[in-house]
Ligand SMILES: Nc1ncnc2c1ncn2[C@@H]1O[C@H](COP(=O)(O)OS(=O)(=O)O)[C@@H](OP(=O)(O)O)[C@H]1O
């Protein structure tokens, strides 16, 4: 990690840390007062997104419906499949709470980040003790992309959306499989809401895009 001088903060992003058993201990031994930010979204949608990403690199892999089950007739979900395992947020968080207090962790809603990017960014800036510099005026909704993009009003730079690999169309998944996955995740989600004191409302969602 680069050295930080007064008035600077060092930021590093590695999505896999949250689900890596050794990470909390290692990070704690490096910096006990570090602030941690975790972006979470409905684990069912997350699993499909994860699968979509793998599929784009390896088109020959089995269908999502096949990979999701150990035994589909018995409705036995394959929780060892990483796309499913990563969404067991409560279990991963348990590891982090052995080393860090909840006050050092900010959970950003992936769903809210899409509908209200400025609102979520306000929370991030407050959490980091920064003045709110990034606000509504920095975002616009790009209809072609179907997501918010950055306007960059301060400089004359062109607007910037995330790359093609972010916000891809997901394959259609059998609604019965989605239903089973929602049931599977529900107790873990409830545990996660309880642990974080935040209700991410994943049970209220109509569909999984
Ligand atoms: N503004 C904006 N533009 C595009 N995409 C957006 C945006 N905000 C959130 N998202 C959602 O971010 C999802 C991709 O994030 P990842 O977690 O895969 O990214 S990363 O691997 O951590 O870099 C990506 O998931 P998919 O839709 O499955 O591709 C998006 O739904």
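Glycine too: its Cβ is placed from the backbone N, Cα and C atoms.
Automatic, uncurated: that is what TrEMBL annotation is.
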Looking at TrEMBL, which one out of 41, 160 binds 3'-phosphoadenylyl sulfate in the same site as 49, 166, 167, 168, 169, 170? 41
Its Cβ having more other Cβ atoms within 10 Å than any other among the binding-site residues 49, 169, the winner is 49
Distance check, please: Cα of residue 149 (disulfide bond) against Cα of residue 167 (3'-phosphoadenylyl sulfate binding site), rounded to an integer number of angstrom. 12
For the binding-site residues 41, 166, 168, 170, which one has its C-beta crowded by the most other C-beta atoms within 10 angstroms? 41
Spacing of the two Cα atoms, residue 169 (3'-phosphoadenylyl sulfate binding site) and residue 161 (disulfide bond), in whole angstrom, works out to 16
Longest CA-CA distance among 41, 49, 166, 167, 168, 169, 170, per record bound to 3'-phosphoadenylyl sulfate, angstrom: 16
Expressed in Å to no decimal places, the gap between the Cα atoms of residue 49 (3'-phosphoadenylyl sulfate binding site) and residue 161 (disulfide bond) is 18
